[in-house]
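Undergrad: Heads up, here are the entries from TrEMBL:
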{"type": "DOMAIN", "residues": "183-250", "note": "domain 'Cadherin'"}
{"type": "DOMAIN", "residues": "251-359", "note": "domain 'Cadherin'"}
{"type": "DOMAIN", "residues": "359-472", "note": "domain 'Cadherin'"}
{"type": "REGION", "residues": "643-664", "note": "region 'Disordered'"}
{"type": "TRANSMEM", "residues": "596-621", "note": "transmembrane segment"}
Amino acid sequence: MSQWQVTLRAGAELDARQVNQYTLILRAACPGEDEVEERLFVQVTAGHVLRCDTPFASAEGDVVQVLADVAPRTPLYVVLPQPLGGLTFRLRNHNTPLVLTRWGVVLAPDNGFDPSKNTQMFRLEIEVMDRHGHNCSGAVRVEVLPSLRPRVTFLEPHRAVTVTEGIGPWEVVTQVHARGDNVRYAILAPVAPVLFTIDEVTGEIRSTRRLELIRAHLLIRAYNALHPDDHATATVNVTVQGTNRQAPRCVPGIFVSQVPETVSPGSILVTLRCTDSTSTDGCLQYALEGPPSSRSHFCMEGPRLKVNTTLDYDSEAMAALGFQFTATIVVTVGGQPLQSTRVPVLVTVTPVNEFRPACPSGATLTVPETAAFGSVVGRVAGTDRDYPLDSLEYSLEGGSGPAQPFSIDRRTGEIRVVGPLGSQQQKSYRLAVRLTDTHNDLDPRKRQSRLCDVSVRLQAVPDQLPVCVPEVQELQITAGSPGSRQPVTRLLCHGSPDSAALTYTIVGGNEDGRFRLEGSTLVFLPSARAEPRPFVLLVEVWGGSGARRRSTVVALVVRVAPRSTPMPPSSSTQHTTLHKEPLVVMRTEAVWHPPAWFVAVLTVSGALLLATLGCTAWNLLCRNRAPGKMFLTKGSCDVVEHSRGKEEHGHPHAGSPGQFDGRAQVPRSGRDYLFTSETGAQHWI
């Protein structure tokens, strides 16, 4: 009895919505018997298949059009909706500046597109796979169109400004305006001396010192911050005119300072030294102008600028101000008309590392014992009250190794699996995580750290139930001779990839012991009494090990027909038609697929052998088929050789060359001789 197996052709795709049943015609014939033809019906049921959208899965792929001035890392396309969950996305071609995130979102390049080029085309080939191994693939074509944004232009390319002599530092001289997107301003000339500065956002031009009688020609550039190649220039001519009365002169003319957040209230930041034209400062008045936040944190006490309240760096209010305070000290001299000098003030608050990092409460994480390499275990969320809040670096004491198969992300505190988790030897791991604060002090030597204990518990994962295909089999056999052993079928079962080998046990239907299991093969043991009857066997298949062992049951219906016996001769002839039930025979053939190197060596060796044999045959053929020469039999060769030996010993054959009518050659020695066909006389040449 032979077994054959019906398999699905490689590359074939089944779609139950189009064809839900196939009819296969099977023909079988044994030697000396008629051919039997049966039909096998294969039903196709709908299953869970991952399908991509039609535009994305088509050969051309889905098309997305964007403008060249789109912001960097702007989302351009989503491969599949996120509610599906459990999907992984892989970019199959890497010759593109576009970015594919692990959520299946296509982003613009980190540096944006080149706006100077015409239409650009990028193609992304993406493969999508779910947690069950189902996958689909497709392509996205991104067409980058030229930008339609307006160019940067000045409303007034040329401007002339006149100011009076004595204008103080940091005072607004004029303001320029340009049209466009993301416009920024800069002074191109003059480079030195630096008499003016410009606000890159508002375009306000301010003086950097007290101005005297001068004429200045400023070259101003306006440009797009995202696309600096888009720019325009304008000229501003500044003329400083004289005045009859001078305002007070102060040193310093502008005050810029950095103070730590721990500076005490009442501390003096600067003391102004101001004089008027009369060289007396008794009539000078000092006042502080600026935003309410500046006037609440600082105050003037005569010519001294002092800290009024605590400068707390670690607060959202301070962050909203950019950790900077701007104000103006107005120095006024008495008399008519009043003359004043304005001293700009810029105070930057610097951070001080005041607090140590704090460990999270209840730092216990759980991970399945079968977690793969790179799996996320959890995140250690440390805290730090210094601004920026929770700016920490994470590290594992002792590093990663066999005793500590984990790693931690230095920035996020995310713990991942980087080694095998042996749940049989160890149920949990205790990790020492060091938290170190960053960017909390100007002095990097003042960083603070703390050790935190994190417990990682391994969660036991039960082994997968063994799966047998099919779960119910109906078989028919013919009983053999008593004492023989008949294989009936082989169970096709599989369990978890990492579990122990499966075990098979007959748990029902084998009360008389007519069947036994040899591994996964069911064997029938015929007896002397062979009556036709069906057997319903229950086979329990166990997988796993220890407390995680799990089992499944397979049902086998075996119909045993008695073997045929010889009938005594009879005078009458009786015709009996046997009813043959459908029988599905399965046979497994072992096929050896040699490796590629073995096939190559065998081919070269065969070619060399054939070439050697061909050369040898050709050599022999050329020697034996020389024109004008005859072949002799072995006996003739011996006679010639013998005669030659006699002649060489001084007994030459009688006769002259004119009496011979034939010529021949000895194959072994290659020597020619003449012979007479009538007498057989020979003469050596």
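Cβ from N, Cα, C; glycine included.
Automated prediction, rather than curation, is the source of TrEMBL annotations.
The structure displayed is predicted, hence computed values, not measured ones.
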Undergrad: What residues elsewhere in the chain lie close to the transmembrane segment (596-621), defined as a C-beta under 8 angstroms and at least 6 residues from its ends?
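TA: That would be none at all.
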Undergrad: Across the domain 'Cadherin' (359-472), what is the average pLDDT of the model, as a whole number?
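TA: That stretch averages a pLDDT of 88.
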Undergrad: Going by DSSP assignments with H, G and I as helix and E and B as strand, what are the residue counts for the domain 'Cadherin' (251-359)?
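TA: DSSP composition of the domain 'Cadherin' (251-359): 11 helix, 51 strand, 47 coil.
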Undergrad: What is the number of residues in the domain 'Cadherin' (183-250) that are helix, strand and coil, as DSSP sees it?
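TA: When I sort the residues of the domain 'Cadherin' (183-250) into the three classes, I find 0 helix, 37 strand, 31 coil.
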